[in-house]
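Copied over from TrEMBL, here are the features:
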{"type": "DOMAIN", "residues": "26-393", "note": "domain 'Luciferase-like'"}
{"type": "BINDING", "residues": "ASP55, THR101, HIS150, TYR154, SER226", "note": "FMN binding site"}
Amino acid sequence: MHLNVFTQCSPSPQFKGLWRYPGDRTATGYRSLSHWTDIARRLEAACIDALFFADVHGVYDVYQGSWRPAVRHAVQIPSIDPALLLPALAAATENLGFAVTYSTTYHQPYECARLFTSLDHLTGGRVAWNIVTSYLRSATANGLGEYLDHDVRYDRADEYVAVVRALWERSWEDGAVVLDADADMFTDPDKVHQIDHKGEWFEVRGPHQCEPSPQRTPVLYQAGASPRGTAFAARHAEVVFLTMSDPAAGAPQVSGLREQVAAAGRDPAAVKVLQGGMVMVGATRAEAKEKARLYNELWSGEGQLAKWCGWMDVDLAACPDDTPVAEIAAEGSKSFVGFLRRLGPERTWTVGDVRYLVSRPRRPRREAPVTLYGTPSEVADRMEEWLEVAGVDGFNLIPCPPSAGVDDICDLLVPELQRRGLFRTSYAAEERTLRERYFGAGRSRCEVP
Ligand SMILES: Cc1cc2nc3c(=O)[nH]c(=O)nc-3n(C[C@H](O)[C@H](O)[C@H](O)COP(=O)(O)O)c2cc1C
């Protein structure tokens, strides 16, 4: 089983209002190195695959046409750039992987290639790139280019991935760096090539700025679940994150994705599928209940609305309650509409439903959609069900509360999974890169065609 822990360098990653959770360290720790090195060491002691950082550009200003609610409730603002943390986290650990979210819409591919090769060198081959197309229009107000419609962003991303992979994989041959002091030749120029890319979106000549890193191409993560996002994942991704409501409803989504991977000419087993969701674990039922009570008490409905409106690119405050969600023409993320359709296929979901779902605190329950909640044994039971019924390869755990939840994963949940033989008790010495951890020793290079 593969386990990632998902977070962000922000005071209240994912769950709005939870920065106030008593004793939680994220509210101020997010901007301190020791906070993150401490988390990285804990995750490594628990043999976790990777620490995965979200990232956005722009402010959530769609709800009520203002960024004030987002700023007030720390909706991914303030935040700092996670890529900068990686060398320090790599120095504090030996095996843990690191995934950084990086936008194909708001960066140039040449910069992206240089950044990820640098990170792969500095971490010794432990890096993944979470490929996102971004949804916040507000980024364009900061000189980061123009806002593109949802599917066009993915078209551009297709070309983007081709460019960066060409820089990573075709520009420098193996053995190009000869370090031949007698011949006064550091690099053999015959083994370094331009990529001469001229496409619809990009013109990149190359050569790549960096010599090849251990993985050359970082492990490619992707999480878009709209039809266009799924087609993109089937073509490019090695690890895909799905947010499915429950194991039985998720099974066809997982098999559908694997069918699309096969249709794209790839081995369906060459894509690892991870279910993502909140995990809240208590040593006892009473402890779990107390955490759930606090979660409800601290929940910020307004913060959550600000986040969802920005994510969907729809101001739910400005739409009449009875508007069917499927009829809203928005260019943000489209996966939520699909999520609702799968959650209640017979229902006409309206704006009022979404506003209620998003803003109301929902006390975590064992059977609640997406959530992993309860004692270690209850959560492990549910995870086993996900593995068996939905056919996922693992989980992208979103700890709740944000920092103390990491402790609960490491101290309570992982030992239970290890006791059941479901999770490794040590890292395999021969799997030196992050890609090898997913696909086996000797497979450090990206095999996506
Ligand atoms: C687990 C997970 C993590 C994500 N992390 C980010 C992120 O950090 N930044 C971002 O801009 N989008 C993020 N997204 C959004 C998606 O990757 C995707 O770009 C968005 O949902 C729009 O695509 P879609 O309509 O195909 O879903 C994440 C989604 C999931 C499920």
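Cβ atoms here come from the backbone N, Cα and C positions, even for glycine.
Worth saying up front: this structure is predicted, and the values here are computed from it rather than measured.
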Greatest inter-residue Cα distance in Å for the FMN-binding set ASP55, THR101, HIS150, TYR154, SER226: 20
Proximal but sequence-remote residues of the same chain as SER226 (FMN binding site) (Cβ under 8 Å, at least 6 apart): HIS150, SER333, LYS334, SER335, GLY338
Surrounding CB atoms that lie within 10 Å of the CB of TYR154 (FMN binding site), all protein chains: 23
Under 8 Å by Cβ from THR101 (FMN binding site), same chain, sequence gap 6 or more: PHE53, ALA54, ASP55, PRO82, ASN130, VAL132
Count of other CB atoms lying within 10 Å of the CB belonging to ASP55 (FMN binding site): 20
